[in-house]
Amino acid sequence: MTTLQAALSGALVGGMFAVMAAGLSLTWGMLRVINLAHFGLILVGAYLTFELATSWGIDPILTIVLTVPLMFLVGAGLQWAFDRLGVEEFASLLVSFGLLIIVMQTVSNVWSADFQRMDGDVNPYATESVSIGRFVFPAPTLIAFVFAVVIVVAADQVLRRTFAGRALRAFAEDRTVASAFGIDHRRLGMVLAGLSAASAAVAGMLFALGNAVTPSTPFEWIGMVFAVVILGGIGQVGGVLLAGVLVGTLSAVVSATWSPALSPLVLFSAIILALLFRPYGLLTPAARGAR
Amino acid sequence: MMARGLGGFVLAFAALAALAVWREDLGLPIFYLVLASTALFWIAQATSWNVLSGYSGYFSFGQGAFVGVGAYTTAVLGGRHGVDFYLTVPVAAVFSALLALLVGGLAFRLRSFRGEIFALLTLAVPFILAALARVNSEIDGGQGVVVPVAEYPEWLAQFQDFLYLLNLVVAVAAVAAAFAIQHTRFGWALASIRDAEDVAEGLGVATFRYKMLAIAVTGLIGGAAGSLFALQIGFVTVESVFGLTIPLFVIVMSVLGGRAHWLGPVLGAVVIVLIQDRLSASGFEGWNLIVLGAILAVLVVVAPDGLQARLWRRPWQAAVALVAVTGVLAIVDGWGGPLDWFVAGVLAAVAVVLWPGKAPAPAERRPAPSAAVPVPTDVDRGEAAESSGHSGPQLRPNSTIDGEVGEVLVECRDVTRYFGGVRALDGVSLQIRAGELVGLVGPNGSGKTTLVNLLSGALRPTSGSIAVAGRDIVGLAPHRIAHVGVSRTHQIPKPFESMTVRDNVAMAIMFGRSARPLAAAREEAQACLDVVHLRHLADAKPAEINLHERQLLEMARAIATKPKVLLLDEALAGLNPAEIDAAVAVVRRIHATGITIVIVEHLLRVVNQLATRVVVLNQGALLADGDPRTVMNDPDVIRAYLGRHAHARGT
Amino acid sequence: MRTRSLTALSATAALTLFITAACSDDEPAADSGTEPAGTAEPSDEGGAPSGDPIVVGSTLSLTGAFGPTGIIHQIAGEQFVEQLNENGGLLGRPVEWMVLDDESDQAQVTALYERLIGQEGVDLIIGPYATPNIISAMAVAERHGFTMPQHTAVLAPLMTYECQFPAWSIGPEPNAYVPEQVFDALESLPTPPERVAFVINQGGSTDFIAQGSPDDDADPGAVPIAEERGYEVVAEIRYPPDTTDWAPIAAQIRDADPDFVFNSGLAVDPVNLLQAMEQLNYRPPLMFSLFPAPGPLLGLGDVADGLLSVSIFEPNDALIQEAGPEAQAIVDEFESRAAAEGLPYTAFETQATASWNAWEILVAAVEGAGDTDQQAMCDYLHENGADTTFSGHLEFNPDDNNFWPSTQGLKQIQDGDWVMVWPADRAAAQLQPPVG
């Protein structure tokens with residue numbers, strides 16, 4: 001019973017990691033930008049949600065109405081700059097690391113280095129939960145999971161069904177050919193980066209819903225989120241959700257049946273094993289990837 | 001070169017060590033040595049990272065693991081079990097190297113393994129180690145370990161001098177090792193892995209062994225320097241060593257400095273440490289990290305290849321800027337202290353090095369006319385006509401070679417290969433005899449490239465056996481198969497981009513069946529370049545030559561391994577008719593030297609012209625095999641292949 | 001081409017910015033210190049300080065993992081130095097505080113203390129924040145023979161340098177002091193709890209308080225002590241410091257059905273734990289948490305009501321009065337400064353008090369020694385101790401690594417505020433019994 005409950009809440013927590021990872025995975029897979037600044041955008045998203053909810057009294061979930069468009073512009077602008085300056089994959093890792101520490105310090109200057117957490121009166125969700133039978137679904141992570149499913153399904157459909165989506169996938173596979181077919185990759189790239197940043201705004205809101213934030217919080221995410229991105233298969237949003245749920249569930253089950261102290265040990269060992277057997281992501285059989 | 005370089009390191013070490021020994025006589029403030037110690041620590045760490053990740057291109061996020069194991073070994077052995085500090089350093093290095101070998105053994109077993117996977121694997125390792133240390137609190141007593149101050153010789157005035165000397169020893173050893181690696185076969189092997197790993201393996205480079213060696217060196221240096229880190233911070237906890245700061249900063253420093261060169265991490269570490277120190281001393285509170293982040297981003301955008309490459313272009317200007325700015329500030333003495341002057345000088349040098357301007361054009365390397373228009377093609381065509389004159393009239397090209405067929409060289413028995421549920425090859429049996437020039441044709445997806453991949457060892461058959469020169473090659477590593485005598489080219493040329501055309505070929509000779517030193521290999525490479533008529537481009541970089549020339553380079557590199565059988569995988573794809581003629585002549589010349597050739601080709605004209613025998617595959621099975629004219633008239637072949645593709649030029 | 005000149009331009013801009021930054025080097029990062037002459041009118045007592053300033057150097061974790069608490073020590077320190085200068089400075093000279101950001105990185109702490117002592121030539125030093133940083137700084141202080149008051153390192157057995165002076169003491173054996181005090185308090189209740197669940201952060205200090213020394217059975221922590229005192233330990237859960245999913249831990253506690261939860265935890269651990277338990281519709285009857293961030297707990301509302309923790313001072317009226325006439329002004333001034341810095345929780349409580357104590361120890365040492373001779377300062381403190389506003393007179397015994405008899409008590413959240421509840425003679429309110 002405890003194990004099942006833990007597995008359930010763990011899967012929901014995995015949903016939050018999936019939202020954090022989705023944008024990173026897409027820009028990495030499609031634009032070949034390893035954007036560490038994505039973590040900075042999530043952080044800013046969390047702080048904006050905190051600020052808007054606390055000082056303006058907006059419902060924390062509704063804050064994304066403001067933060068999502070704002071972040072879209074920031075993300076698109078960053079991609080414009082990356083493209084304009086010709087920043088390649090590895091360079092993008094370093095440049096965005098520079099941006100990440102700039103964001104962290106700026107956040108610290110604006111909101112202080114202390115913990116910021118929405119009080120119970122502005123954030124009714126933190127201590128709420130939904131009970132079905134004997135199972136309990138904690139509200140913050142349940143909301144995160146719903147957003148994860150919506151974002152992943154939407155992204156997946158857009159990539160499969162729309163012209164822009166197919167153009168992006170073509171571009172990810174072969175840049176020169178795609179350009180030859182008249183795909184305006186710059187514009188598409190900016191849109192994709194904008195959407196990815198918008199998902200960071202959502203991720204930030206989701207994190208703030210259940211947690212206290214400090215400027216150095218992003219360092220707590222990097223390990224787990226990268227694991228989810230690579231396990232899911234870079235550029236594969238569906239894989240990101242699957243990986244998030246597996247990672248969250250495994251970690252929670254170990255924590256409940258064995259000890260929380262062992263959960264990082266088991267989790268990261270499992271990640272290594274998964275990589276050895278499925279090096280191209282959980283959804284891609286090794287043989288297919290190799291060809 | 002090598003000896004002189006290493007002599008330089010000995011001199012540098014002696015000079016830098018003298019600073020500590022006679023520090024008081026020199027009037028050097030002790031803080032300079034403290035700062036230098038920090039820089040030396042990072043130099044050692046960044047160099048450690050660079051040997052694996054910079055040289056071979058396998059990005060690691062796990063440097064924290066090596067630092068952590070080193071620091072924990074020294075802290076726990078010294079602080080909790082009373083082991084002498086000097087003994088703990090080598091133990092720490094060995095532990096760390098063993099961990100590195102374990103990681104490498106796991107990771108590098110996988111072939112066709114992507115860099116991202118390695119990055120994540122290494123990212124996971126410090127997390128696992130941290131969890132292990134926390135769970136087993138008897139390791140560190142649960143609270144962390146206070147590191148006892150080591151006994152140091154009396155001729156050193158202070159502990160800081162001692163720490164500086166220790167860091168100096170490790171850092172100089174690390175950089176000297178990186179220098180030595182770069183200038184030996186080891187370094188060439190790593191560079192070839194970085195540029196095109198599967199090609200390197202196919203040319204005879206034992207990539208697994210070299211990657212394991214590299215990661216072991218990384219572990220050794222990382223562990224030794226980690227051991228000193230413990231001594232520096234004095235108190236070791238899980239959080240202080242297994243975090244993300246160290247892995248991220250070594251990457252930053254190495255990439256900023258330039259990761260293809262031994263000096264890169266040194267430059268990167270020095271610049272970052274100096275900037276960080278000045279920033280933290282500036283009272284620029286709340287802005288330190290903003291400025292650091294901005295400088296980092298700007299430097300990487302301006303010089304993505306790293307400072308080292310830029311410095312090599314303007315070494316004297318940089319030196320002048322450093323000396324001039326430092327000197328002027330010192331003479332004026334109106335602001336700051338010696339350290340500020342020096343840092344200002346370093347920044348001026350960095351600015352000079354990075355200032356955009358005309359870099360020496362790479363085109364200088366190649367003869368002027370060939371850079372502009374594809375003149376070499378005409379040259380080659382002339383040559384081709386001339387040489388095809390040697391081998392016989394154009395219309396009956398095959399006759400001269402027909403009679404020279406010898407014993408069985410390649411023997412495939414019932415070879416089958418599945419991809420998931422798809423049968424790419426299904427029970428193919430085939431013999432190739434010495435001296436043949438076999439055309440391997442078939443519609444798209446018929447299994448031609450799969451067969452080439454099986455013969456070269458890039459793939460293993462699901463079932464069946466393959467023997468070359470009487471030796472079973474199934475399961476052999478591709479570099480072993482290369483040494484048995486199989487060599488191949490790739491449909492899309494994959495040259496080693498960081499090396500010149502000559503060195504691309506020399507690589508294959510160095511790592512061939514009988515290993516050759518670099519100088520000799522470069523000599524011999526000339527002959528191979530002559531065969532393909534690329535001698536005039538020997539000093540060019542692959543990026544500067546056209547597709548045709550890259551295809552020829554592929555062939556030159558392939559024959560440099562002295563193969564018994566050469567597999568040409570669509571070596572003429574994307575060439576214009578004139579270039580095709582030239583390439584055909586080259587193939588014929590290669591054949592004339594006694595190398596058996598299997599050519600995969602869509603152009604039937606070429607196959608007809610070249611091949612002594614044609615093998616047709618269709619849907620993974622052998623459809624026809626025999627004399628070109630007979631095969632081409634076979635109704636089955638016409639239906640399966642010609643019917644659909646004859647007019648389509650095979651693309 | 002345009003891109004190139006653009007990047008060149010920004011490179012130059014960055015370098016100029018940097019050089020400007022470096023220029024400000026020779027006006028050291030005096031945070032306050034130099035202000036009073038211009039702004040505040042000279043105070044009546046000491047007259048305006050004059051002469052060369054006495055420079056105090058330290059680092060604080062203003063960014064990174066320890067940032068949330070580092071900022072509190074910065075605000076308290078700035079306030080102290082400013083007030084000191086308004087009251088005539090130290091030995092009649094103005095005091096400057098050069099505080100550098102160590103980014104929560106021990107390697108930086110060592111390098112920066114070396115810089116402060118060796119390069120900037122500071123006259124005095126004061127410790128950084130967080131135990132690992134303090135131990136790293138202590139090694140530097142010891143090498144240079146500096147006297148170092150330090151705010152928050154409570155792992156007494158590790159603080160072996162004779163001239164480090166703790167400003168917050170849980171006595172020489174914190175691993176015994178804390179649980180004994182907690183259980184003493186619980187046993188004063190009409191119906192004391194019997195079933196205890198331990199939830200332990202694996203970090204150094206928290207692990208030590210919970211388990212004691214793993215090498216020495218004679219040096220137990222909270223868990224063995226609870227067993228010895230006859231409590232039934234119904235759960236013992238250890239979690240890593242970077243735990244993100246609290247639901248499984250919450251469920252395990254609920255299933256164990258304890259009367260009392262002993263959380264040897266840090267920062268927002270208890271917030272996350274209480275929240276996760278509340279999501280399961282479970283509230284433990286009574287809970288204790290070791291070193292929590294006080295603000296976010298209050299933000300939980302009634303969920304956190306009744307929670308216990310340790311404290312050396314809370315700004316409760318009774319305690320402020322007991323501390324003496326200046327205490328109210330100090331507490332008020334700190335609150336307004338903290339609010340100006342944007343801190344979410346502005347109360348002058350344990351952390352700020354520890355900071356204040358450390359500065360008072362430093363001042364006492366200098367005034368007692370008559371100058372900034374480090375050994376004389378150290379000797380003076382050993383012989384005479386120091387008077388503090390909030391913790392009274394402190395005596396430093398080198399045999400106990402200078403850890404004075406603890407004045408630490410217990411605080412509890414009552415009606416949305418922290419109040420001191422134990423020991424009875426220092427309490428501002430009654431200890432509230434478990435709910436339900």
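Even glycines carry a Cβ here, placed using N, Cα and C.
Unlike curated entries, TrEMBL annotations are predicted automatically.
Pulled from TrEMBL, these are the features on record:
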| type | residues | note |
| --- | --- | --- |
| COMPBIAS | B:388-400 | compositional bias 'Polar residues' |
| DOMAIN | B:410-644 | domain 'ABC transporter' |
| REGION | B:360-400 | region 'Disordered' |
| TRANSMEM | B:30-52 | transmembrane segment |
| TRANSMEM | B:59-79 | transmembrane segment |
| TRANSMEM | B:85-110 | transmembrane segment |
| TRANSMEM | B:117-135 | transmembrane segment |
| TRANSMEM | B:162-181 | transmembrane segment |
| TRANSMEM | B:213-235 | transmembrane segment |
| TRANSMEM | B:241-274 | transmembrane segment |
| TRANSMEM | B:286-303 | transmembrane segment |
Per Cβ pairs under 8 Å, the stretch of B:30-52, B:162-181, B:213-235 packing most closely against the transmembrane segment (B:241-274): B:30-52
Seg_contact(the transmembrane segment (B:59-79), the transmembrane segment (B:286-303)) with at least 3 CB pairs under 8 angstroms, min sep 6: no
Whole-number mean of pLDDT values that fall within the domain 'ABC transporter' (B:410-644): 89
Contacting positions for the transmembrane segment (B:30-52) when only residues 6+ beyond its ends and CB under 8 Å are counted: 16, 19-20, 23, 58, 60, 63, 66-67, 158, 160-161, 163-164, 167-168, 170-171, 174-175, 177-178, 181, 190, 211, 214-215, 217-222, 224-225, 228-229, 232, 246, 249-251, 253-254, 257, 259, 262, 264-266, 268-270, 272-274, 277, 339
Tertiary contacts of the transmembrane segment (B:162-181) (same chain, 6+ residues out, Cβ under 8 Å): 2, 5-6, 9, 12-13, 16-17, 19-20, 33-34, 36-37, 40-41, 43-44, 47-48, 50-51, 55, 150, 152-153, 156, 187, 190, 214, 217, 221, 224-225, 228, 231-232, 262, 265-266
